[in-house]
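Q: One structure, pasted below without further comment.
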Amino acid sequence: MGLLSKKDTKLITDPLADNNPITIQVLGICSALAITAELKASIVMSISVLFVLGVGNVVVSLMRNIIPSKIRIIVQLVVVAALVIIVDQVLKAFAYELSKTLSVFVGLIITNCIIMGRFEAFALGNGPWRSFLDGIGNAAGYGAILIIVGFFRELLGSGTLLGFKVLGDPIEKTGLYAIGYENNGFMLLSPMALIVVGVIIWVQRTRNKALIEDH
Amino acid sequence: MSLKRRLHILKRKYRGSKMAPAFNAIHTFLFLPDETTHGGTHIKAADDLKRTMNTVIMAMIPCLIFGMFNAGYQHYAALGDIQRVSAGFLSPEFWTLDNFLIGLIKILPLVVVSYGVGLGIEFLFAIIKKHEVEEGYLVTGMLVPLIVPVDIPLWMLAVAVAFGVVIGKEVFGGTGMNILNPALTIRAFLFFAYPTWMSGDKVWVHGAVERAATPDAISGETILGSLAQNADVGYSVMDMFLGFIPGSVGETSAFLILIGGLFLIFTKIGSWRIMLSSVLGALAMGLIFNWVIEAGVVGSSSKFYGLMNTVWWHHLLIGGFAFGTVFMATDPVTASQTNKGKWIYGFLVGFISIMIRVFNPAYPEGVMLAILLMNVFAPTIDHYVVQGNVKKRMKRLKAKTA
């Protein structure tokens, strides 16, 4: 198996599929709806959360024995806020336009339920290495959904991918637009993101019947 | 042995096989089945579902035929080839073969695409999920061509129908389980996805889009569109009532919709409570706006002036209000089920329609959004009506036993 034991591998692969933070636990929906109109923003958001959750989980895990349990939420908030500020400043310095697009949603990573959830549920009770893997896994699961949603919304909504006009030019009427195709404006609105996430959930549960809850 | 008998035997023979739902659907569509509909949460009478659906379609046929004539009439009238109507409902300028042919060529494909795509998806889901094909799409498929602009590209309609049937209905479990009216889901999808094809002054008259920015440009602003811009309306009230105005295919003629509505009430398919309370709601909102104007709160410089100053009962004649109230607010699946709930539901549909119409010139067609909104609230209204009834009876019981 090499680097990772079977148990450790599960920490990373589980959130990617059968325990996905968005489609199964239904956490972090707010940002998934708000910033996925463009693929680029989705990717940057995924990387930001990957950084915050990976590092944050390690930091909280290292401090887990010295944090008094009564004030642990405040301590966790301080950790995540510090990390988010780092991300925010880096984005503002190196990708100003993009940080404008993401606007408050970088700051709102602090309130992303996935992050606090992993701190509480995992980092407080596990060692730094396993916490790191858990953080990476969950952030990757979150990012995967963001990127899928971002891909479809940008492709169908704007006819571009990462800014490249893959379907032709809507004004010059080239490519698909020459035969009367038009961009779907609904895809750029948040309700459609919810529907796309819903469709992903639908597909996932159809493929794995064990995920369907009993009522 | 008659053909019908033989088909019934065939049906028994194929029961349980993979293609059975598809076979049954075609069989049921063409012949009266030897069994009636059972189950389905929205069935509250002994009528079978197919008869209910066919009655609604019959009520819509006059609107469809009028819509075909109107498509041609608006086209030629905008070009200046023919005179505007002069002699009331039976004006010779309107009921010409030329007008009808334009309409037939433009609207028949809409009907075919709507039914083709919608029923195709119904068949697909029936085969995958192994249940019978449900008749629910019959009405939706006829509603859809009536509530879109005449020049809508067919592929857009196909995409929207696919979306509406899958996301609006099938994900909830099919006919009778849907929260939102599928026809309005389809229209809302088109409206938000392709706004340039669903609003403005170019889409309501056949040929206007192609002629835009050429010397032959024609336009046909709807009445709501003109009012939203505080412009003059070039149509008489009689035109509005009879339907000689631009608009979506089948929604222009309040007169024929009224007849269709009376037919639905007479056959007890549509709820008169919803229709009446919805009209009352619209009139109430119209009156409130008229009072606001009279009180001088909103001056003629306001962008709401045109629509607010519309005579209160004219709101019933213009836009899609009449059509939405009669054919879509009364959808038995998505409306409230209790009688008291129907009054509340209908009143709010009318009230909110006019409110959206006036306050949001970007979405002049308020009735679509109002019905969708109230669809969402209908179960809540029912819940409180039922709870209120339970409480009342509990109190009565207590008083009796005490």
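Using the three backbone atoms N, Cα and C, a Cβ is placed for every residue, glycine included.
Please treat TrEMBL annotations as automatic predictions, because they have not gone through curation.
So TrEMBL says this about it:
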| type | residues | note |
| --- | --- | --- |
| MOD_RES | B:Thr222 | FMN phosphoryl threonine |
| TRANSMEM | B:55-79 | transmembrane segment |
| TRANSMEM | B:100-126 | transmembrane segment |
| TRANSMEM | B:146-167 | transmembrane segment |
| TRANSMEM | B:244-267 | transmembrane segment |
| TRANSMEM | B:274-292 | transmembrane segment |
| TRANSMEM | B:312-330 | transmembrane segment |
| TRANSMEM | B:342-360 | transmembrane segment |
| TRANSMEM | B:366-386 | transmembrane segment |
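Mind mapping these onto the model and telling me what they sit next to?
A: Look at B:Thr222 (FMN phosphoryl threonine): DSSP puts it in coil.
For the transmembrane segment (B:55-79), same-chain residues at least 6 beyond its ends with a Cβ under 8 Å from one of its own Cβ atoms are 85, 93-96, 98-104, 106-107, 111, 138-139, 142-143, 145-146, 150, 204-208, 218-220, 243-244, 246, 249-253, 256-257, 259-261, 263-264, 267, 269-270, 323, 327.
Only residues 6 or more beyond the boundaries of the transmembrane segment (B:100-126), in the same chain, are considered here, and those with a CB under 8 A from a CB of the stretch are 21-22, 25, 64, 67-72, 75-76, 132-134, 136-137, 140-142, 144-145, 148, 150-152, 154, 157-158, 161-162, 165-166, 170, 174, 206, 249.
Only residues 6 or more beyond the boundaries of the transmembrane segment (B:342-360), in the same chain, are considered here, and those with a CB under 8 A from a CB of the stretch are 224, 271, 273-286, 289, 304, 307-308, 315, 319, 321, 324-325, 329, 335-336, 366-367, 369-371, 373-374, 377-378, 381, 385.
Remote same-chain residues near the transmembrane segment (B:366-386) are listed as 147, 179-181, 184-185, 187-188, 191, 319-321, 323-325, 328-329, 334-338, 340-341, 344-345, 348-350, 352-358, 360 (criterion: CB distance under 8 Å, separation of at least six residues from the stretch ends).
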Q: With a Cβ cut-off under 8 Å, give me the same-chain residues at least six positions beyond the ends of the transmembrane segment (B:312-330) that come close to it.
A: 56, 59-60, 63, 143, 146-147, 181, 183-184, 222-224, 227, 237, 240-241, 245, 247-248, 250-251, 254, 257-258, 260-261, 264, 270-271, 274-275, 278-279, 282-283, 285-287, 289-290, 345-346, 349-350, 353-354, 357, 364-368, 370-371, 374
Q: Near B:Thr222 (FMN phosphoryl threonine), how many other Cβ atoms are within 10 Å of its Cβ?
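A: Here the count is 27.
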